[in-house]
Each structure stands twice: as structure tokens, then as C-alpha cells.
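According to TrEMBL, the feature active site, proton acceptor maps to H68. Residues or ranges marked as Ca(2+) 1 binding site in TrEMBL: D69, G74, D76, S78, E87. The feature substrate binding site is assigned by TrEMBL to P161. Summarising the annotation, TrEMBL assigns heme b binding site to H191. Look at TrEMBL and you will find T192, D240, D250 tagged as Ca(2+) 2 binding site. Per TrEMBL, disulfide bond is recorded for C37-C113, C70-C75, C119-C317, C198-C227. The domain 'Plant heme peroxidase family profile' annotation in TrEMBL covers 27-321. Positions annotated as signal peptide by TrEMBL: 1-26. The site 'Transition state stabilizer' annotation in TrEMBL covers R64.
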Amino acid sequence: MAVKISTISALVVFLALLSLSHFSHGELQLGFYNKTCPNVEKIVFGVVQDAFRTNSRLAPLMIRLYFHDCFSNGCDASLLLDSTTSEKTAGPNLSVDGYALIDAIKDELEIKCAGFVSCADIIALATRDLVNLASGGKARYEIPTGRFDGRESLASSVDLPGPQMSVADTFEMFEKRNLDLTDMVLLLGGHTIGVTHCSFIKDRLHNTQEPDPAMDPKLVKELRRQCPENSKQNNAINLDQNVSSSNIVDASFYKQIKSGRGILQIDAQLATDEMTEQIVTDLAEGDDFLARFGQAMVKLGLFGVKNKDTGEIRKSCRSCKNRFCTA
């Protein structure tokens, strides 16, 4: 007997919540701060909600910050450290933002429960809350805490996938972070909100012979107006070209890339590469993206976490407390 997709989606959410109710991974656990800072999630959400009301762009900014921090050296807030040679100064991180929100949350937590909550956990919790707010309250997921802040941040150690890489090469990088192929497709679904810039897609629009044949000709025409071939302006381009959903975390991203309306080359390839085509189809036709995206974000948040022996709890997220910090 056929089971309705909505029933499957409900089952996915139920099983995810059931498994997380007893979640523990190393020293990470749900409710890690129950004794030291019992209202941590309420405090974080309060600051995030106020900020989101005045700037909805914080959602894609924080998703990107979370990804860039975790992917290079683990989820340890090393991206937040200020230095002339820190991760912040690496090329792919120059356009990362969201630091002021982290500072605001840290300031509030230092008033309410000083010295207990790590900057790495602040990133994880704030990102979760912004994903939920940008989905209209449909995507809240439980995320374990207990991360400590890293003591090393070097631009030379930044290792991130580029938008023009192949699916196979991109997956190789994800696999090294204990993320499977489905996790990769789900996490790239973070491109459901946010922007890129003309410099990253001009080769798809102004090829010497013809524009990328994988791109919808109507979209090519639209984007050529926004990204003229010889313009010095590096205009921002919505990754989701659907006006009604460009600021909403939803599954429209997968529907669009199946229709040849992927903006970045890697996004477009997801829909046609034999490694990922079926995963994209399932997400485009199903209604469980939000639940599965949350699970993938949790899984990403397990990579390279530091403990009390290898990390610290910073007083300021921008500088190390330990004198042996390298940044």
C-alpha cells in the first residue's frame, strides 16, 4: 500500500527527534549547559530574533559562517579570531560576515553566565535559530552543545570547496569530514537563500563560444543584464531566482536546479550528475527537506570539535584566552 509523502515526512521528523532525545557524541550532548547556563538557548534566541527582525540577511550570512568555520578546521570558532594571518584573512572568507551578531550574543551570555558558553556553540545555536526563523518557524532542530573554542586560526589552513569544482571533487572534500553524498546535497541546499556575485558566474554567461548550455536560456538573458561582460561592477545575484522564495529556507532550490536555473556551476551539476541526480529529484519532489537539512547541519556540527584539553572558553570571540593561541 502506498504511503503518502506527508506521512513519510512526519515519520522522518519523529525519528530524528527520537534519536536526538538521547543524543551524545563524544563530549557533545543536548542540554550540556543545563547546570552552568540553563537559559542559554533562550538567551541566544532572544538576541537572534531581535537582529533578524531588522536584518533578514543574517540567515544566509550565518549559514555560510557556520559552514566555513566547521569545514576548514572543525567547528571551533577559529574563524572568529582577529589577526593579520587568521582564517578571516583567507580569500574565501573575506566576504564572510555575521561577526557582530556573535559578539552581541557573547556579550549577553557573559552578563548572564560568564565563562561557560563557547563561541563555537554560539555559532551553532545562532545558525539553528536563523534557519528556523528564515523558514517561517518550520525548521527548528535540536543541536548538541559542549564544543570548546579552538586555539589556532591560520589563513593557510583554510580548505573549502569552490563553486566551479566537479561533483566528484566536491564530494571528496565532504567525505573527509565524515559527510556522505546525501549530506553534501542537503548542505548545498543552504543556497536556497543568500547571494553570490557576478564574478563567480561570468564564465557561465559569457563563454567565448556560447553560454553554459545547462542554464535555462531565459535565465542566461536575465543574468547577462545583471552581469554585463565588461562591467567593473560585481553585482550581487540571488542564488534562488524565485522572487517569492529567495529569502525563505525551503526546497525550491532543488526544483530550480532541476529546471536549469542553478546559479553556481556546482549547484547546476548536482541536478545532472549521476552521483547526485536522484537525491536532488527526491528532495525536489518530497516535503522533508527541512527536517533532513537540520539533520545534516547537526552532522556537520560534529566535525573537528575541540574539548577541554584541546580548546578553551573565550571571553571574547575575537581573541584567545590562552597565551599559546596561534592566530
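Backbone N, Cα and C atoms are what each Cβ position is placed from, and that goes for glycine too.
Note that the structure is predicted; figures quoted are calculated from it, not measured.
In this view, C75 (disulfide bond) is surrounded by 26 other Cβ atoms within 10 Å of its Cβ, with every protein chain counted. Cα of C37 (disulfide bond) to Cα of E87 (Ca(2+) 1 binding site): a span of 29 Å. Neighbour density around each Cβ, counted as other Cβ atoms within 10 Å, peaks among the disulfide-bonded residues C113, C198 at C198.
Counting only the Cα atoms, the space from C113 (disulfide bond) to D76 (Ca(2+) 1 binding site) is about 20 angstrom. Of the recorded positions R64, H68, H191, H191 has the largest number of other Cβ atoms within 10 Å of its own Cβ. Within 8 Å of the Cβ centroid of the Ca(2+) 2 site, not counting the listed residues T192, D240, D250, the chain contributes G189, H191, I193, N242, S245, S246, I248, V249, A251, S252, F253. Listed in sequence order, the residues of the same chain lying 6 or more apart from D69 (Ca(2+) 1 binding site) and placing their CB within less than 8 Å of its CB are C75, D76, A77, S78, L79, L80, E87, A120, I123. Using a 10 Å Cβ-Cβ cutoff, E87 (Ca(2+) 1 binding site) registers 26 neighbours. Ranking the disulfide-bonded residues C70, C119, C227 by other CB atoms within 10 A of the CB puts C227 at the bottom. Across the fold, the C-alpha of H68 (active site, proton acceptor) and the C-alpha of C198 (disulfide bond) stand 21 Å from each other.
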